[in-house]
Structure formats: C-alpha cells, structure tokens
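Record features, source TrEMBL:
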type	residues	note
TRANSMEM	B:36-53	transmembrane segment
TRANSMEM	B:60-78	transmembrane segment
TRANSMEM	B:84-106	transmembrane segment
TRANSMEM	B:113-131	transmembrane segment
TRANSMEM	B:157-177	transmembrane segment
TRANSMEM	B:206-227	transmembrane segment
TRANSMEM	B:291-311	transmembrane segment
Amino acid sequence: MAHRLLSGMMNYSDASISASTIAPFLSLEGVRKTYPGVVALDGFSMDVRPGEVIGLVGENGAGKSTLMKILGGVTTPDTGTVIVDGVAHDGLTVEASIGSGIAFVHQELNLFENLDVAANIFFGREPWRAGPLKLVDRARLRALSAPLLKRVGANFSADTPVSALSLAQQQMVEIAKALSIEARLVILDEPTSSLPLAETDKLLDVIRALKAEGISVIFISHRLHEVERVADRVVVLRDGMLAGTLPKNAINHDQMVKLMIGRLLKEREKAAESARPPGTVALSAKAIRTSAYPDRPVDLGVRHGEILGLAGLVGSGRTELARVLFGIEKALGGALQLDGTDLVLGSAADAVANGIFLVPEDRKLTGILLDLSIAQNISLPNLPAHARRFLVSASAEAVTAEKQKRNLGIKAPSVATRTGTLSGGNQQKVVLAKWLAMHPKVMILDEPTRGIDIGAKAEIYGLMRALADAGVAVLMISSDMEEVIGVSDRIAVMHEGQISGILDKEQFSQENVLLLAVGKQPK
Amino acid sequence: MSKKDLGLLILILVVGAVVAIINPRFLLPINLANTSNLIGLFGILAIGQAFVIITGGIELSVGSVVALLGVLFVDFIATRGMAWPVALPLILVLGGLIGLAHGWLITRLKLQPFVVTLCGLLIYRGVARFYTADGTAGFAFGQNFPELEFLTAGRSYGVPNSFIALIVIAIVTWVVLHRSVFGRYLYAIGKNEEAAKYSGIRTGRVVIAAYVICGVLTALSAIYFAMYTRSISPASHGQFYELYAIAAAVLGGFSLRGGEGSLIGVILGTVLLQELQNLVNLLGIPSSLNFAVMGGVILIGVLVDQQWGVFRERRLMLGAARKGAAGAAAE
C-alpha cells in the first residue's frame, strides 16, 4: 500500500511544472443539482489536476456545500458527470469517494479529544495484536502514525492527547488521517476560519507539503489572502455557476471579490468612515483579571461612538474578557465602570439591564435558540416588555420582529420561521436584532462575521457603524485581520491576557497588529 | 391541541371502547368515578413533574415525598391535633422547601438533577419510616374532618373533587406553561440553557422555580393520596409514583432532554396510564402483570410516535424532491 503511494509521489513530483499536460485527477462536467425551490448547482464544470491546489471561493449559498456533498458521495447530481481518476460516475457513492482517495477535513473537526493522536488517525482501523482478545497494538499504532505526522510537519508526537493540541495541530491530525487512507485529493473546508495568524502559516505549509507529494488540494476559504498565498488556481462560484477561474498570476484579492459578488469593496470603506468624533469612555475594565490568565490584569476602555477592534491570537483572553464584560463570567479581580460609575455584574441579566449586550462567538450554541422562531428569539431578552401582565403577547412580539426584520433585511418567509432553518448570515442578523430592539449602550461583538458570506458581512459592518454613529460604544473582537483594520477606529491588541498596545488609525497595519499580538512593539 | 395530543386522545378513546365492549362494567358510574379520582391524584403529580422535565431536569423523589409529607400531614391533624387549614398550607410550604433545596443544589452547586433527586428519593423514604418508627400513620376510629374529606375524597354531582382540582390546576398551569413569560423562559432553558443565559435570562432562578412548583404540587397530591388511602405505611406508600409521573409526561410527548411537551399531553398521558390500570383489573389480567402492560404500552406508544415522525419527514422530503424534479423538467 505504502509502495503505491510512493510510486505515485514519484510520478507527480514535478506536477507543478507539467500540470497542464497531465490528465486531471478529478473533473466535473455540467453538474446540476436542485433542491426544492433552489438551484444549488447549475451546469458547473471544473477539474483538478494531480498536485494542484485549487482555491474554491464563493459567497455562502453559492453552492460550495452542495459541491462538497457531491464529491463526498453524500448526494448525487441531477445531471452531469463526475470523473475521478479516469472513471466516470453519474454520481459518486460514499464508498466510491473514499475508495478513489478523496478525503475531507471539515471546518468542525471530528476528533476524539480524549484519545491520543495515533488513536485518532487510525480510529476504527487499529492494528491488532495476535491473540483472541484482539488488543490494540499500541506500539505499532505509534510507529504507523509517526511518518504520517512527519509528512504534515507536525511538531508533536503520536501519543499526545488531542485535547492538548492547538486548533492548527488538530487540523494536522485530520490531514494525517487523510494521508493514512492514501488520499489523492484532500478537501479542506474553511480550515483557517478559526485559526490565529501564526497557526494559519503552519497550515498553509502543510498544504504546500501535500502539493509537493503530488496530492491535490481543494482549499475552501472566506479568507481570501490565504487563498491568494497558497492556490495555484482559483475557482469562483456564484449562484451555483462558475463565475470565473483565475490562473496563478491573476489571483488577487479584489479580483476574487469582484467575481464573487461584483459589487462590495466600497462597503467596508464606507463602514470605516466615522461620522462623529468619539465621546467619553462608556465601559471600562480596571485591572480586570479573568480565568484565561488569572495573574494578568487587563485595562481597557471603549468610548461612545467608536468601534474599538480587539485583535489578538485565539487564546489570548479576548473571549474571556468579553464574557466578564457581559457578566457571564465573574472577574477574578478588578472593577468595571459604566459611564464613570462603578458597575457590578452578577449575571448576564445585570449586563442586559445596563444596556451592555453581547453577540457571542458561537452563534448556534449561545447566540440564538435554533428551535425558536425569529420573533421569539428577538423578544427573549426583553420578554416582559412584550407581555400584558405576565402573559406573552404574540402580536407585540410580531410587531417588534417585523420592524427588525425590515431594518436588518433578514431574509425569511416570516418572523414565525424557525431560526434553525436560516443561513448563518441571517441567524447572525437575528442575534443583532434582539439587541437592536432594545437600547444598546455598549455592544460587544465576538467574531461577528465568522462563517458568513461577504454580502452579509458588509451589512453587519454597516450596522456596527450605524450603532457607533448613534453614540453606542462598539467593541469588536475579531481574528480577521482585514476586518479589524478595515472597520475599527482604534485597535487594541491582546497578548497572553494583557493589552499589549492600542493602535490609532494612522498606525494601522497588519504588521503592527501582528507584532503586538505576539508581544512585541509596533514600528 | 397538537397532532400528537390528538393521536393520544384517539388512542384513549379506542382503548376505552374496546374495554367497554369486552367488559361493560368499564362504563359504570362507580368505575368511571374511581378512575377519574385516580387520574386526579396522579395528574397533579405528573403536572409537577412536567415543569421539571421541561427544563431538561428530572425529579425522582416524588414517591418518597408523597410518603413523607403524607405521614406528616396525617400525624399533624390526627395525632397532634393541628387544625387542617393550618396543616395543609404547612405541608405545601414543606413541599416547596424540598423543591427549593433540590433546585438550589442543581443550579448553584451544579449537581446533576438525577443524582440530587435520587438521593432525595432515598432520604425522604428513610425519614418517613423513621418518623413513624416504621409504623402506619392513620386516623383513629371515628375521627372525622368533614370539610377536608369533602374537598379531597368527596364528589360534586358525582364527579370526584380530586378530578375537579386537577382540571383547575391544569387550566392554571396551562396558562403558565404556554402563555406566560415564565413558561417561555422554561421552554427556552429546556431547549438551550446557555443561549437563554446569553439572552439575559436568570436561568438559575427559573429552574429553581420549576422545582419549587413541582414540590408544591407533589405536596398537594400527597395530601390527596393521604386522604384517599387514610392510612399510610411509609415503607411502601407512593412507591414508583415518580415513574408514573415521568411515564405520563413521556407518553404525552415530553422529551427528557427538555424544551418539549404540552400540558394537554401530560394530562392525556395520565389518563391513558390509569385507563390501562383499569383495563388490567376489568379484563381479568393477573394484576402481577400490571407494570408489564404499562411498560409495554409506553414503549409501543413512543415507538409509534418516533416512527411516525420519521415516516412524515421522509414523505415531506420525497414530495419536495418530486417537486424539484418537476421544476427542473419544466425549465
């Protein structure tokens, strides 16, 4: 088995040079897939050559997920052909997909945190020791895992528990798993969306290593700069159709964005323009200590009328700070002030009562209740205002929700629609709507545009700016460098639990943010 | 009324009709009155349980609480000469305090509901037995409380007052569960406690309130049970009652994960359980098979419900796929 892979490597070792002359590993021809009321893919064609890194970009709803489902054999196209390794299929089955060497690394990792790396890589395919008990041969398991880990450039050993790994390292394990089944095409679905920048570099290196081995990669990402850095070719999907293909020398950010939506770009610039000078400090943290770094006090103040970007690596303590500011987590020390007066938060309910609202990082787990309707989600934090005596008035809820639905452009059949059926962008708008329906003083947004399409992103930037212009203090936590620089009025950078520096507009640059994020001084 | 509730109602009527055909005594006023009395007693318990299950919790100590509070109530009015209008609210307060303790342990000290209430089950049973020195608590010969007996074990126009009490409580709790702010909070917490917390709901207080309501309703039914049996041997009184209450809720469409179920469902669940009990008696099935019949019917009921859901989903998908294909062809 290993021998086959090795010979494959040799064949494809100079793939990047002669890629165009080699038959593609995968081709899609005129693939069409419809769902009730939606044409998800409409005569889509593309091909992937051995050892080629394809950047696949497109708005949410452009058809990327459907394409992935077809490649994974989870769903079959209505019409069109999928040709893998020279064999034509009307539709792949899951077995055929795996059998022909297509492997997926999903955005949400499927690892067992309580097991070690080797056990995860060979889960369900563990080598056995001889004997009737069929005990797992742990030594062999590790011996088999080690070369795979080396190939992905891992700096951890096979017996490390997965729970001790960083996100990028966990992704390496997933990729090692793909290598262990002799994958010839690895599809990475939004692998970097939750990675800090330094970790992202590692992942991009792994992609390059795969490429050098002649393995094809489809890299799906909303982070266009990363696509720019690693892709040999970019395929842009729009409304289920091929909007365009960019060869290596034509890949650039604006070109991709233009193909993806045609308009935009100006939206973020618009969002960056503040209509008013910042006012007094609204919410301030004085020597607040959180569970992330109990011994490091944080000092930070966000002013009325500004968008304060909070950058930093994942794990630098930003989310914990947000949780303390919203009263979900108790501070281990320090004090909070709201408009100059001391503030004690015993719970999120206290924060809400004081006009401090949080749009949390994890929309589906903490932002909204997927089983409730749009109207019920929006009224939830302010339910007594939607009730006569103590009975909920459905009509009052509907009135509030209709207004928010109009203002925010939430796309849904009605306000009685279950939020679980909405797209990510629309769900995020519901989270915003429930707070906008009240009167925010301080709005904290933790990764507000993660995993949502560019169109919805632009709208959310617009909303944040509108809030700031109305005098609300906006604190935006984001790991998306372009977003932080493009939208903020000031940027505070966190490093290992402390604010390592605050940048004013004229100091904004990716380099400065990065330097502060790793604890160095900006230039 | 939801489709699920309607299905349950039809099942109740069909089973009733079959029993009535085989044994017409099923429809005798005396049998109906007895059965509806039991429905009243168990229904109040089940409603209390429903409040807890909605939040994703469980209350296992119900049977032991019925025994303990029953013993105390009888002791207070029969032996210690306490006036029943004093003893009754006192028992309700005690029930509320038990609920408060459970809720506090679960929300503030983060213990699991199953563990807390399982310990309660053991503790209250033990205390009840200790309190009477394992003897039986009962009324002395000729001891009478006419008003109390009328309210608990009496009848109005042939309808047991316990059943009327259930109807009144059901209406009030229906409004609370399905129309009030508090009810919405309960469902929100059951569906996703974290998200409810992030929406500014004081989830701890709401959950504690659910356990207090369960405690008070359990105390009320403990009084009804005490007045119905009139003598209580604390070693066996109320045994397995928590399971009747949980079974009624599950039959009525409640999910033990929380956030799902209707008040009408839990009442219908109670009715079906008591109907089955009655069926065992009337059809001459050995009463030792009592539990087996109940367990079997619950299992079948839940299974049918589940399969029906799967079937409906599949049909919806097929319909949609057909529509999509037709649309594609038309283009």
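Don't overthink the numbers, they just go from 1 along the chain as shown.
Heads up, the Cβ atoms here are built off N, Cα and C, so glycines get one too.
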For the transmembrane segment (B:291-311), distant same-chain residues with Cβ under 8 A (at least six beyond the ends): 4, 7-8, 11, 247, 250-251, 253, 272-273, 276-277, 279-280, 285
I need to check the long-range neighbours of the transmembrane segment (B:36-53): which residues 6 or more away from its ends have a CB within less than 8 Å of a CB in the stretch? 59, 62, 66, 113, 153, 159-160, 162-166, 169-170, 173, 177, 186, 210-211, 213-218, 220-221, 224-225, 228, 241-242, 244-246, 248-249, 252, 254, 256, 258, 261, 263, 266-267, 269-271, 273-274, 277
For the transmembrane segment (B:157-177), which recorded stretch in the set B:60-78, B:84-106, B:113-131, B:206-227 gives the largest number of Cβ pairs separated by under 8 Å? B:206-227
Per the Cβ filter (under 8 Å) with a sequence gap of at least 6 from its ends, the transmembrane segment (B:113-131) is approached by 52, 57-61, 63-65, 67-68, 71-72, 75, 98, 102, 105-106, 234-235, 237, 242
